[in-house]
């Protein structure tokens, strides 16, 4: 059982620092029933979690299966600074209201994956606000600027003359101090967090906590484009709280090559099962679309239900294979005649009128299933089914 647990925890990890400590904690659980803590921090800088976040969350869920108590840390204090990791400029500071609203949304979403009975949701403002000026000064004496500038992102910005706020130097120290306060045994984070994660080990030594956390780093999941990391701001994401049809359709939109990456990092299938699927596709005995549909059903069911996932597949087949319109879509209304470009924006089918014009020129826009090419078209009184691309539909009533 210990070997199985270690193998499951290692799967998909980009790097593990102090793996012997991880094995020691697991062994103590299996032999003595001793629990241990695994920390992961999330700054609530946006309201929705996406599949990129779930790579880490699924790793936490595996630890819970093997005796861990998860410290799900919401960085409401550190979100006021913004994590500088990988950033080429200082991040915009969020309002307290936005941070609290986003934090509330996180709490509602994480338990689609984590076991609530084995999770402690904590906010780092609780102890960082209490740290005070004196405590903050003590914290800053544990590290120096020369070592801080060893960070690749800081080094590039410093050499290019790009501004680095003093608060950004504080960010890794504050994240590391979270591990001091929580006395975490293990911390899990993305590969872009390595400097911050190691800071936790450093500060646990500096503050004589009596332990140094092991560190597990998981890969950054590529977005739907297969190039850049999944991000809501880039529009290449699949949100945990999106409806079943959206999740299913978005998974099917990824490339065949990216599909295997998603299988490795997001699926609960064993590596042997995934390898059999891959061999079947390479041998021509399995069609890539069928294998992708299997992944789409699994991911959709995880955040909704098996029935919802199957319904999403049926709806997708009906709309895309049989060229029919969806049975359900968002409905909008206009009190007067409206231009097609404004209608597409108002119905949330495109982000801007300029993009709407491009979509029309590219032949991606249909009205009542008929392709249009006139970007000056005005929609008069009546009901319309608007479509952009293969997956975006809306019903518009013009009075």
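Backbone N, Cα and C define each Cβ position, glycine as well.
What you are looking at is a predicted structure, and each value in this text was computed from that prediction instead of being measured.
These features come from Swiss-Prot:
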MOTIF     44-53  motif ''HIGH' region'
MOTIF     229-233  motif ''KMSKS' region'
BINDING   232  ATP binding site
DOMAIN    338-398  domain 'S4 RNA-binding'
Query: So what's the mean pLDDT when you look at the domain 'S4 RNA-binding' (338-398)?
result: 93
Statement: DSSP assigns the residues of the motif ''KMSKS' region' (229-233) as 0 helix, 1 strand, 4 coil
Message: If we skip the immediate neighbours and take only residues 6+ beyond the ends of the motif ''KMSKS' region' (229-233), which ones have a Cβ under 8 Å from one of its Cβ atoms?
response: 46, 48, 50-52, 220-223, 239
Remote residues contacting the motif ''HIGH' region' (44-53) - C-beta distance under 8 A, at least 6 residues beyond either end: 74-76, 79, 82, 91, 94, 99-103, 105-106, 109-110, 220-221, 223, 229-233, 237-241, 262, 266, 299
- request: Please list, for the motif ''HIGH' region' (44-53), how many residues fall into helix, strand and coil according to DSSP.
  value: 3 helix, 1 strand, 6 coil
